[in-house]
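Here's what Swiss-Prot has on this protein:
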TRANSMEM  9-29  transmembrane segment
TRANSMEM  75-95  transmembrane segment
TRANSMEM  106-126  transmembrane segment
TRANSMEM  146-166  transmembrane segment
TRANSMEM  178-198  transmembrane segment
TRANSMEM  212-232  transmembrane segment
TRANSMEM  259-279  transmembrane segment
TRANSMEM  299-319  transmembrane segment
């Protein structure tokens, strides 16, 4: 009974709760960083130096009345944000930090499959809101997410060819001597830009184009359901940055001190997250045709050529005698 309780309740909670706390502080860091980049203070009233601002925001959102538009689809309208958060939490299961909740042989494929399902929560929320702005935002989000998943999948395939396995733990072994960032630097740059687009972050935040769509697919949401979407979005940002760290920045595993690996991953993830915020502060929003041009006419041909190169080169050199 205790084993079942530990494996089915305590272990997942021990993973999910720190992620949600990290999300709360990421929102605060974002507001502070953007504030200082725009030569202002950011939140500085709640708690010492504004540290409790995200707690106050969370309490405020969850005690408000969740208002539902009268013409909205009642079941789907409330199910979509819950589905978004559940999928965002499930994505953390195969992450080696240093030990995963689910030790999967195909951990990378699991992450790709579940992140693809997140499209349904966005599409469901946009359609169920019965608002033209929400629907346009949802359709943009779906087109953008599906487009950039193509390049993400091909980049992952190249990285898998280098590491020799679909488990995330094999990447730790592969990168004991050299980070994959060095041999795969063109793919790493494209991966980073694709993760920005995949998580709908600036400069690819066309789904939330305030100037034309008010707030995008979540325009009709308020209170708790809006907070769930918010948590899911920022959890996905942290997840993508953790994934980038494991793939390209060598989360070195030392069996004697696994805590060092957790600290290493957390530090690199935090630095990548601040790079996300820096991008938001620095670049204006892309036009929609530029967004699609970038993936289908630039990233897709380059990633396809590099995948074929990484497959062909080992096969071509396989017949050579061992070099002593």
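Using the three backbone atoms N, Cα and C, a Cβ is placed for every residue, glycine included.
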Selection from 106-126, 146-166, 178-198, the stretch that has most Cβ pairs under 8 A to the transmembrane segment (299-319): 146-166
What stretch in 75-95, 146-166, 178-198, 212-232 has the biggest tally of Cβ pairs under 8 Å against the transmembrane segment (106-126)? 75-95
Residues of the parent chain within Cβ reach of the transmembrane segment (212-232), under 8 Å, 6 or more residues beyond its termini: 20, 23, 27, 58, 61-62, 64-67, 69, 72, 77-78, 81-82, 84-85, 87-88, 118, 121-122, 125-126, 129-131, 133-138, 140-141
Residues outside the transmembrane segment (178-198) whose C-beta sits under 8 Å from one of its C-beta atoms, at least 6 past its ends, are 115, 144-145, 147-149, 151-152, 155, 158-159, 162-163, 171, 204, 236, 240-241, 243-244, 247-250, 272, 275-276, 279, 291, 294-295, 299, 302-303, 306
